[in-house]
Amino acid sequence: MIQHLIVFPVVLPLVAGILLLYQRQGLVRYKRTVSVVASILLLFVSIALVNQAASGDITYYALGDWQPPFGVVLVLDRLSALMVLVTSILAVGAVIFACGGDDEKGSNFHGLFQWQLLGINGAFLTGDLFNLFVFFEVLLLASYALLLHGGGKARIQASVHYVVLNLAGSSLFLIAVGILYGATGTLNMADMAHKLSNLPAEREGLVTAGALMLLVVFGLKAAILPLYFWLPRAYAAAPAPVAALFAIMTKVGIYAILRVYSLIFSDQAGGLVALEQPWVWWLALATLAAAGVGVIAARDLRLLIAYLVLISVGTLLAGIGMRSPAATSALLYYLIHTTLITGGLFLLAEMIGLQRGKPGTRIVKGRPLVQGNALALTFFIGAIAVAGLPPLSGALGKALMLNAAEGGERLWLWPLLLLTSLASLIALSRAGSTLFWRSHRGSPSGSNLSRYQWIGMLWLLSAAPLMVAFAGPVSSYTQATGEQLANPQLLINSLLPDAGDAQ
Amino acid sequence: MEMLYAITTGILTACGLYLTLRGRTFPVVVGLTLLSYAVNLFLFSMGGLTTDGAALVNEGTNIADPLPQALVLTAIVIGFAMTAFVVILAMRARSEVGNDHVDGKKEDHE
């Protein structure tokens, strides 16, 4: 049982998704129960996985007992365990929120939701480049359908862009994987890293091309500057629980960049060491700047939060661009914080929009809200956390990031990160004061919100104080993760015991 | 054979790319399909091109790399599903938005 634990985050949502397909309409209670129970089970499994990974051992699960490098493997190290945990925490919040009524606006919400979890968890756990592609496709297919959940013109238009871009991205992914396979003769990431250390010189060009094409693909998923234009519209149009789950989707891209370039193109990769670094670093800074402008310009609360997601993408990528264990540790702490808080804010925006009625989430004057005080208080907490003001987790995350920058990097990162924080602070305070204070006279609008929506939203936003209270254990875990990632030989040795001898 | 193969893949990719950049959904869908064909061909060639080789290791000396064939099979299945999805999506967009422009505009110039 315990040795099969690694495959559970993939199998559990798969089985739950199949159970949920039983009937397209109706059976609301049954579906909600199955989906919530599956998500909570996933949470327990991922806590167990983090416990297992925290010891520092790297374990793998060889499907069908085909040993690496030939078989398909799922690899559990500190990073993948952490990412699966963040996903499942987010999923529990989003699923509970969806039980408040969003799931019945279209068909098969819960089934698709579980399958998206399957794709995301698989992408985090896999140790194989082609399987990464397959899991990307699984999560994308589920996300296409989820983005359309409930229908409507805005969603369909955003979907067309999102689907076409991602299909083109998938083609590019396959080309890149093909090139890397052709040049190295393997698809297993650990084996590829091992093979790169004695790569014939004439193949370096090919591998460079493949590696940079992969960066384009991951950049599209993560929404780096020239490739982010799909994100604000898609996230603003998506149904709230889906948008909350999408908060982890950009992090899948970031995880892939972190994993592939720290493992395959590590210090052992000869002439190919850190070939992504200049691209990632400068594009991350440019993304930060563009997202800061976008946040100020957004006239809709959901669009504003979508740009906050972009700010987090820029910040995280800058952390990857610094390429040091300290920066990795800081960015992982920031990643947990930003995923959960932006997810919670998407849910909160939906609740505000529901209660406001006709003006929705547009930042304009409206009638006072029935539960205005409670919503305003949670918005205030969420805004403080996401803008990075003390005493909540955003401040700590950003301080860690700023602290991790060294020398010349400070010159660029400090002003940009602080200015975008200022921009988001201005935008959020403007949005909050318009939404809650500048209201018309008259009777309050809207009816009371569902209990489930409150629970789901508060579950995610409570991460902000909790991550400060438990900052010690969390940051010591992320520090250990950073060190583990900086030493990819550990992973290679545990997957390929023979590889060490050749060195 | 390599030359012919490379030219075919290249032309397919170029046509696919051109069509993907068009403004209407139908050419975009066709472009994506062409791109996925090109990608399948490309993947197939990544193990090296072998004629009359068995995709099994212990069958004589002339063997073809079996892995790209498995990869192509996966890629074809996924590509098929995606094409079906994007066709339906384009039709929904056409009926909901009222025209087939990818940005939902009536005319190319506004």
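The backbone N, Cα and C atoms fix where each Cβ goes, and this holds for glycine too.
What TrEMBL annotates here:
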{"type": "DOMAIN", "residues": "A:127-420", "note": "domain 'NADH:quinone oxidoreductase/Mrp antiporter transmembrane'"}
{"type": "TRANSMEM", "residues": "A:6-22", "note": "transmembrane segment"}
{"type": "TRANSMEM", "residues": "A:34-54", "note": "transmembrane segment"}
{"type": "TRANSMEM", "residues": "A:79-100", "note": "transmembrane segment"}
{"type": "TRANSMEM", "residues": "A:107-124", "note": "transmembrane segment"}
{"type": "TRANSMEM", "residues": "A:130-148", "note": "transmembrane segment"}
{"type": "TRANSMEM", "residues": "A:160-183", "note": "transmembrane segment"}
{"type": "TRANSMEM", "residues": "A:206-230", "note": "transmembrane segment"}
{"type": "TRANSMEM", "residues": "A:279-297", "note": "transmembrane segment"}
{"type": "TRANSMEM", "residues": "A:334-354", "note": "transmembrane segment"}
{"type": "TRANSMEM", "residues": "A:374-392", "note": "transmembrane segment"}
{"type": "TRANSMEM", "residues": "A:412-431", "note": "transmembrane segment"}
{"type": "TRANSMEM", "residues": "A:452-472", "note": "transmembrane segment"}
Remark   = Within the same chain, the residues 6 or more beyond the ends of the transmembrane segment (A:452-472) and with Cβ under 8 Å of it are 89-90, 92-101, 241, 244, 333, 336-337, 340-341, 343-345, 347-348, 350-351, 378, 381-382, 384-385, 391-394, 396
Task = With pairs restricted to those 6 or more apart in sequence, evaluate whether the transmembrane segment (A:6-22) and the transmembrane segment (A:107-124) have 3+ C-beta pairs under 8 Å.
result = yes
Message = Which sequence-distant residues neighbour the transmembrane segment (A:160-183)? Criterion: at least 6 residues beyond either end, Cβ under 8 Å.
response = 129-130, 133, 136-137, 140, 144, 147, 192, 199, 203, 206-207, 209-211, 213-214, 216-217, 220-221, 229-230, 233-234
Message = Six or more residues beyond either end and a Cβ under 8 Å away: which residues meet both conditions relative to the transmembrane segment (A:279-297)?
response = 212, 215, 219, 223-226, 228, 232, 257, 261, 304, 307-308, 310-311, 313-318, 320-322, 409, 412-413, 416-417, 419-420, 423-424, 426-427
Task = Spell out yes or no: are there three or more C-beta pairs under 8 angstroms between the transmembrane segment (A:334-354) and the transmembrane segment (A:374-392), with each pair 6 or more apart in sequence?
result = yes
